Amino acid sequence: VICPSAASDHVPQNRSVMFSSGNRTGFELFEEWWDKSQTVPFYLIAVLLPLLNLKSPSFFAKFNVLGTVSVVYLVFLVTVKAARLGIHLEFSWFTENEFFVPEFRVLFPQLTGVLTLAFFIHNCVITLLQNNRNQENNVRDLSIAYFLVGLTYLYVGVIIFASFPSPPLSKECIEQNFLDNFPSDDIMSFVARIFLLFQMMTVYPLLGYLARVQLLRQFFGNAYPSLFHVLILNLAIVGAGVAMARFYPNIGGIIRYSGATCGLAFVFVYPSLIYMISLHRAGQLTWPALIIHIFIILLGLANLIAQFLL
């Protein structure tokens, strides 16, 4: 593995070591024409823009199922890499160790910003479940889905952290996209990037459909008023995505900023306000309930502010 951020000011990262390397000859031209922030976003416009304009919601839901293949391969990749690298965990409780990773740091709001997006995604899930044939199975299906997703994230995250070779590298070298910790001539990680690209091609149209339903139905009363309306919206969505990929390819920052911003409204403010208004109309609003829900709103506001301070 490699440490792409070895040029930073962190001392452990300055001692980066490449565990596995190969002859990069022949990859220079490929890397020039296939750069994740310089060229690939523009290639994807021709692929994703036509998919976003499709009208059928069932197509997006069924097409998204194909992304499961990517998840299965990522789990397989993590397992194989961990078996080769071994487990690298050192618990130095009473001696100073530069490779020690504390359980608590003041940067923890970065994690809460990401977690807020996980709660905000309920807003999209509800829109998707409206098209299910058997509505009585929504609770069961959603519970199974969240369990499997959580298990996948937990497995990949724990295994990657535990198997990352520290020492000699630092755990701080783990990239936001862990595939960046493998050199470009690593065949398995290259295949994983292709699978991940395929997964994004199945998820992105689904997210575009959810945005279309919530925005166009709100302003025009119809999720598909015309091809012109949908095309203008999709051009704005694709343009924003390409701009972010081109000028700010920082997936962790994007997730926590957007999660904290959207979550402030849909996780902290709106549910609390609606609940307090309903209690007030029923004449059941008490001071303890008012104080608790105001505190929840302030907690969401503090979460948003912390993203820009840390």
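Cβ atoms are placed via backbone N, Cα and C, with glycine included.
Annotated features, as they stand in TrEMBL:
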| type | residues | note |
| --- | --- | --- |
| DOMAIN | 44-306 | domain 'Amino acid transporter transmembrane' |
| TRANSMEM | 66-87 | transmembrane segment |
| TRANSMEM | 107-129 | transmembrane segment |
| TRANSMEM | 141-162 | transmembrane segment |
| TRANSMEM | 187-207 | transmembrane segment |
| TRANSMEM | 227-248 | transmembrane segment |
| TRANSMEM | 254-277 | transmembrane segment |
| TRANSMEM | 289-309 | transmembrane segment |
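Counting Cβ pairs closer than 8 Å to the transmembrane segment (66-87), the top stretch among 107-129, 187-207, 289-309 is 187-207.
When the stretches 141-162, 254-277, 289-309 are ranked by Cβ pairs under 8 Å to the transmembrane segment (107-129), first place goes to 254-277.
For the transmembrane segment (289-309), same-chain residues at least 6 beyond its ends with a Cβ under 8 Å from one of its own Cβ atoms are 109-110, 112-113, 116, 256-257, 260-261, 263-264, 267-269, 272-273, 275-276, 279. Sequence-distant contacts of the transmembrane segment (141-162) (same chain, at least 6 residues past either end, Cβ-Cβ under 8 Å): 71, 74-75, 78-79, 82, 87-89, 125, 129, 132, 171, 174, 178.
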